[in-house]
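Going by TrEMBL, these are the annotated features:
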- CYS73: active site, proton donor/acceptor (ACT_SITE)
- CYS183: active site, proton donor/acceptor (ACT_SITE)
- ASP10, SER11, TYR42, GLY43, ASN74, THR75, THR184, HIS185: substrate binding site (BINDING)
Amino acid sequence: MSNNPIGIFDSGVGGTSIWKEIHHLLPNENTIYLADSANAPYGPKGSEKIKELSIKNTELLLKKGCKIIVVACNTATTNAIDYLRETYNVPFIGIEPAIKPAALQTKTNAVGILATKGTLSSELFSKTSGKFASNIKVIEREGKGIVELIESGKLYSDAMKAILLEYLQPMLKANIDHLVLGCTHYPYLIPILLELLPNHVTIIDSGAAVARQTKTVLEKNSLLNLSAETINLKFYTNGSIDVMYSLLGKGFDVKHLNF
Ligand code: DGL
């Protein structure tokens, strides 16, 4: 069982930002990544639909023998992880916007958060936000259009810059000193955000923390891969292979699969 793969899924290519952190920390692990790009974006879909898609992705990964599932999508985590944990007999790792560290570190008492509608409107997010950020100003913006541009290979485009400027303006006006990236597609925006943000704004993303949590849970369940066999890193997408390559780099085993 311990050399079975780690299963990772996202609404599309964004969760590869999490896969990179996991592979960096756990280079001896087999992995299977599912990009449900044909159904991206999940953000504007209702909670029931997001749950249904998360179930479909989970069942495919379980069929492929995954020993643990990383829900590399804030929107799927905040809407479906409780159900997944109750229903399937493997450990699940989720990802939530890192509002807690931002709230603890802010000196201006104002933080910005960029996430999808599905995440911002979820019960889990309002609970976390209420618990850790009730006495600071949280400027939330729904990142409408961002996932679509990334999924269509237009990460570095004038359209992306224009959208980001629009979402950042009210945050900068409110004097934020931290910007929380609440979607796994957004770490790919960091080079653009660094150009647009003043130096005193710290960008927070949860990728490295998710990788550490994955390692801890594997250890606790005696599931770390200790075998010396060559590992397999598999990527399946029901969308564009080229967009996957543009984010991962060539040389990976990326296949098209209808699911
Ligand atoms: N990567 C997903 C997330 O973390 C994007 C959601 C979407 O498809 O709208 O929320």
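Every residue gets a Cβ built from N, Cα and C, even glycine.
Annotations in TrEMBL come from automatic prediction, not curation.
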Chain-mates of ASP10, SER11, TYR42, GLY43, ASN74, THR75, THR184, HIS185 with C-beta within 8 Å of site centroid, substrate = GLY12, GLY14, GLY15, ALA40, PRO41, CYS73, ALA76, THR116, GLY118, THR119, VAL147, CYS183
So how many other Cβ atoms are close to ASN74 (substrate binding site), meaning within 10 Å of its Cβ?
-> 33
Which one, from the active-site residues CYS73, CYS183, has the smallest tally of other C-beta atoms lying within 10 Å of its C-beta?
-> CYS183
Diameter of the substrate binding set by C-alpha atoms, the set being ASP10, SER11, TYR42, GLY43, ASN74, THR75, THR184, HIS185, in angstrom = 12
Which ones, of the recorded positions TYR42, CYS73, THR75, have a Cα no more than 10 Å from the Cα of CYS183 (active site, proton donor/acceptor)?
-> CYS73, THR75
If you draw a 10 Å sphere on the Cβ of THR75 (substrate binding site), how many other Cβ atoms land inside?
-> 35
Do me a favour and check the Cα-Cα span between GLY43 (substrate binding site) and CYS73 (active site, proton donor/acceptor); whole Å is fine.
-> 10
Position of peak Cβ density within 10 Å, selected from the binding-site residues SER11, GLY43 | SER11
Cβ-Cβ under 8 Å from HIS185 (substrate binding site), same chain, 6 or more residues apart: which ones?
-> GLY12, VAL13, GLY14, SER17, ILE146, VAL147, ILE150
Pairwise CA distance, TYR42 (substrate binding site) versus CYS73 (active site, proton donor/acceptor), rounded so that it is a whole Å | 9
Chain-internal residues near ASP10 (substrate binding site), provided their CB is under 8 angstroms and they sit 6+ positions away = THR16, ILE18, TYR33, LEU34, ALA35, ASP36, ALA72, CYS73, ALA76, THR184
Using all protein chains shown, find which of the binding-site residues TYR42, THR184 scores highest when you count other CB atoms within 10 A of its CB.
-> THR184
